[in-house]
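Q: Pasting in a structure now, in structure tokens, and then I'll have a few things to ask.
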């Protein structure tokens with residue numbers, strides 16, 4: 001236990017080589033917070049008696065009630081290593097005291113935006129996997145996100161006590177189950193890893209995988225056991241580590257190692273991992289759980305475990321907890337693994353800099369980030385806002401990448417839309433004070449050097465959710481985070497009492513600040529719309545809104561899903577539109593964009609900010625576009641980064657560049673609100689074929705061009721077999737065999753389609769994967785639990801947009817019904833306007 005003072009932490013912050021910033025990531029309910037507890041307990045913040053129950057990082061009341069983590073929280077831990085261990089660290093270190101900034105992040109799929117925010121400020125990740133359930137859909141999503149941010153993973157296989165007590169497996173089965181889990185993690189890592197990182201796969205024999213039980217508070221790595229045995233037998237530790245995993249066997253008769261399963265006489269040999277690592281654990285479990293009073297003291301003496309007075313009276317599970325905690329304390333194994341195998345900021349920023357920074361890789365800011373230099377200009381990324389204890393104020397939570405941040409320092413606050421050299425989205429203000437985040441508490445601190453995680457007070461009015469703070473005039477922004485989920489479920493919110501309206505508006509502002517993945521907007525009919533990533537996410541957001549941010553009673557409409565409008569074919573004739581003064585004409589056609597191009601745009605692979613030549617090269621090589629077309633992409637829409645494109649295919653038009661801005665503005669408007677029912681367009685490419693313009697500049701201003709281009713876009717769109725797309729969830733359901741029938745019946749009722757069904761080897765559980773339209777997903781969890789007697793656990797994550805095959809313009813079809821309902825709700829005319837309304841005759 002360490003009694004911390006802020007000064008001690010501050011002095012550690014200066015030795016950046018000894019800092020580790022890491023997050024804990026996992027599938028929901030695989031035990032992140034419980035494991036985090038055993039670490040926190042060592043750092044001396046919660047008392048030993050409460051660990052395992054305290055779930056220290058779940059700071060919110062609803063987290064403690066629901067037993068899930070919703071927001072990610074940060075804590076600093078302190079650890080000292082012995083000199084032998086420090087020698088094994090492959091990077092530069094200074095002394096043997098280490099500061100670990102740990103962020104516990106939610107595992108529930110609806111909150112993966114929180115995970116993204118946590119990942120941005122860390123360099124390493126502790127991936128927690130359940131022994132029994134193995135790698136699940138969310139483990140994969142989060143691992144993929146972290147590898148895209150160039151974050152190095154280490155793995156903990158948790159809940160080993162379940163395998164021993166509930167499933168009563170044999171040693172060999174347990175080994176096989178471990179090795180399968182490690183293999184499936186490595187498959188994901190090798191699929192998504194970045195070459196820059198080198199080999200980041202995890203290997204038990206190198207000590208990058210730990211095994212343990214968060215609830216009982218014990219864990220071990222192969223390295224720890226190798227340590228014990230190398231002292232006992234006088235062998236080299238490195239050699240011992242290699243032998244304690246994989247196909248290596250020890251023959252006790254000949255005292256020799258072999259890699260064959262049988263000895264010379266054909267008798268089976270026991271695998272070294274089972275014999276040296278699992279055997280003592282299995283024996284302890286057997287002796288204690290079967291109440292063998294005489295064996296216990298003998299075993300404890302052999303393993304050098306000393307029980308105190310009243311601990312000798314315990315029996316059964318309580319004794320097991322105490323003994324295992326003394327034999328293999330979880331914190332030792334995890335801290336050792338974190339310190340040995342995760343990179344320090346100095347190491348990590350070297351290869352992460354170009355991915356974090358938007359500007360050129362040779363400007364002073366980027367070089368300072370690369371070197372993690374505390375003396376250069378400040379570069380700080382704010383990844384999220386954390387609500388303070390007094391209503392309505394937020395701490396900005398972020399990481400210093402270069403320079404030193406001080407209380408009272410004047411900084412440039414750059415929002416996500418800031419462009420160097422321009423004034424918009426830029427404030428120059430002083431930071432009131434800096435604070436250390438410690439789970440439920442904060443400690444004020446004077447300054448904080450590069451490589452550390454910090455909270456700032458007094459800049460929450462100037463930033464919406466994320467942004468860059470800097471003191472360097474020419475600095476570009478740090479790159480914006482890519483979220484793996486998109487807000488697709490929306491509700492309309494009204495106040496019950498009209499006098500409360502200003503409070504609601506204020507509350508919505510705060511809500512959108514506190515959650516990185518909520519969209520708050522206002523519809524034309526004056527409704528306030530809140531969009532989230534799924535049912536649970538929305539429920540929590542609205543609960544926050546009602547209780548904290550606005551503090552007033554609300555009326556909430558049933559949830560509605562966001563659709564997209566798209567086209568299937570090319571326009572059947574050229575769409576022509578004339579300007580209001582009849583002096584300008586625009587001719588264009590619409591056509592669909594391939595799904596993979598749309599995905600590449602949404603995933604940021606094809607980026608509107610990239611150099612147009614480089615972008616054209618990618619589109620030509622990978623997606624088969626014509627190079628001249630790819631170079632002449634005028635813009636992406638909506639919002640300047642969506643999956644719709646304007647391509648200029650005109651030949652020798654006079655004054656064309658003067659109207660480019662107006663055309664782009666009109667396209668943004670048209671794609672944000674399509675003609676069918678006012679939803680965004682997706683995968684629509686508009687080719688401008690010809691433009692006739694008036695010779696005088698005054699007759700071709702924005703007021704003439706913008707409405708014309710919008711009408712032409714609509715006409716071209718409606719001529720090109722318009723369709724609508726609905727969002728689809730990928731559902732992963734884990735259940736025992738007898739519950740499968742119930743799952744299928746619920747899925748069939750909800751237009752779901754099953755993609756795969758497989759049994760997890762060595763367990764009675766089946767995993768069913770299916771696609772479920774989000775529109776049908778409301779109340780799905782409840783119905784599923786009813787149909788299966790509460791045995792099935794669904795995990796839903798947004799997967800893709802699926803085009804509805806039927807014609808949205810015909811009210812008798814499925815798509816037409818959706819369109820009609822949406823138009824009624826928004827107070828539009830009931831029938832969709834025909835293309836003739838937007839088309840002008842010559």
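Each residue, glycine too, has its Cβ placed from N, Cα and C.
Got these off Swiss-Prot a minute ago, pasting:
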type	residues	note
BINDING	26-33, 158-161, 213-215	GTP binding site
DOMAIN	17-253	domain 'tr-type G'
MOD_RES	699	diphthamide
Q: To the nearest whole angstrom, what is the C-alpha distance linking residue 215 (GTP binding site) and the residue listed as 'diphthamide'?
A: 74
Q: Roughly how many Å lie between the Cα atoms of residue 699 (diphthamide) and residue 26 (GTP binding site), rounded to a whole value?
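A: Computed Cα spacing between residue 699 (diphthamide) and residue 26 (GTP binding site) is 60 Å.
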Q: Suppose we draw a 10 Å sphere around the Cβ of residue 158 (GTP binding site). How many other Cβ atoms does it contain, all chains included?
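A: Other Cβ atoms found within 10 Å: 26.
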Q: Of all the binding-site residues given, 26, 160, 215, which has the fewest Cβ neighbours within 10 Å once its own Cβ is left out?
A: 215
Q: Long-range neighbours only, meaning 6 or more apart in sequence with Cβ under 8 Å: which ones does residue 213 (GTP binding site) have?
A: 158, 159, 160, 161, 162, 219, 324, 330
Q: What does DSSP assign the residue listed as 'diphthamide', in three states?
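A: Looking at the DSSP assignment, the residue listed as 'diphthamide' belongs to a helix.
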Q: Using a 10 Å radius around its CB, how many other CB atoms surround residue 699 (diphthamide)?
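A: Taking every protein chain into account, the count is 14.
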